[in-house]
């Protein structure tokens, strides 16, 4: 099989003994039970929260800025949308692809080349697509106008912004301080597409935090961070069923601490959602003169544009 193809790895999918099968089923059932509890909680929250009617002011917070003019805000958002779309299209049509290390169902690891739509399976690209959805939604609000915009669109744009900022912070932090330092060959992190998704992602969303007037609604929306995590976990399982591998070893139900890892993932997502909400309140440019310098410094700290040379000791 040519090295650039990505096909089911049947040879690696089988568990060699009955004990392995039992562990796999036990681990998966524990995780399924946990995810079912989380989804039930999310459903309960959505059904029991009082309905909040969005007003014209809610739309204006999304499409107006106290920092720049309306024209400048629209131009910035159009540029962000175009960059995200161009990046995604270039990934989809790229015939070269990237080499990644994946975790097989039996917990062994294998180098594999991802090409085209296969690269859309990763958490980073999911987050990048989510940002594109936010900018598309908010631009649609600009076009429709505050008086005719459907409430569901304003609600969706608000949630997409909240989740987008949290994911941008999380992705850039993990890439800069965990994946790149821990990778023996970090070449994949420095293609122009990867640089955009790991750096421009946080730059775009921090800029939005400065420019728009959106107020985080943690009580009503934090469960969407949980829902995002559950959706990606289930997606990872579908990919594993078809291709026999996981892009993140801790999502493999055969992993020794799989249940704790899944709990940890959802806790981390919720934590970064709350941190993003805290930043939106504590670093409001209208109320804090140091907000913009702090946010710019924060953004710079999360970005990495070239490999850091490791010290070689004798």
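Note: Cβ is positioned from N, Cα and C throughout, glycine not excepted.
Sequence annotations record features per position, and here TrEMBL assigns transmembrane segment to 31-51 (among others).
A Cβ distance under 8 Å defines the sequence-distant neighbours of the transmembrane segment (71-93), meaning residues of its chain 6+ beyond its ends; these are 63-65, 116-117, 119-120, 125, 128-129, 131-132, 135-136, 138-139, 142, 193, 196-197, 200, 204, 207, 211-212. According to TrEMBL, the feature transmembrane segment maps to 71-93 (among others).
TrEMBL lists 120-144 (among others) with the feature transmembrane segment. Beyond the transmembrane segment (120-144), the same-chain residues lying 6 or more positions past its ends with a Cβ under 8 Å from any Cβ of the stretch are 59, 62-63, 74, 77-78, 80-81, 84-85, 87-88, 91-92, 114, 150, 153-154, 156-157, 160-161, 163-164, 167-168, 170-171, 175, 194, 196-198, 201, 204-205, 228, 232, 235, 239, 247-248.
If you look up TrEMBL, you'll see 156-180 (among others) marked as transmembrane segment.
According to TrEMBL, the feature transmembrane segment maps to 192-210 (among others).
Among the features that TrEMBL reports, transmembrane segment is placed at 222-240 (among others). Counting same-chain residues at least six beyond the ends of the transmembrane segment (222-240), those with a Cβ under 8 angstroms from any Cβ of the stretch are 31, 35, 38-39, 41-42, 45-46, 105, 121, 123, 126, 130, 159, 162-163, 166-167, 246-248, 251-252, 262, 265-266, 269-270, 272-274.
Annotated transmembrane segment per TrEMBL: 260-283 (among others), in sequence order.
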Inset, instruction - May I ask whether the transmembrane segment (192-210) has at least three C-beta pairs under 8 Å with the transmembrane segment (156-180), counting pairs 6 or more apart in sequence? - result: yes
Inset, instruction - Grab the same-chain neighbours of the transmembrane segment (31-51) for me: Cβ-Cβ under 8 Å, and only residues 6 or more beyond its ends, written as numbers and ranges. - result: 220, 223, 226-227, 230, 233-234, 253, 258-259, 262-263, 266
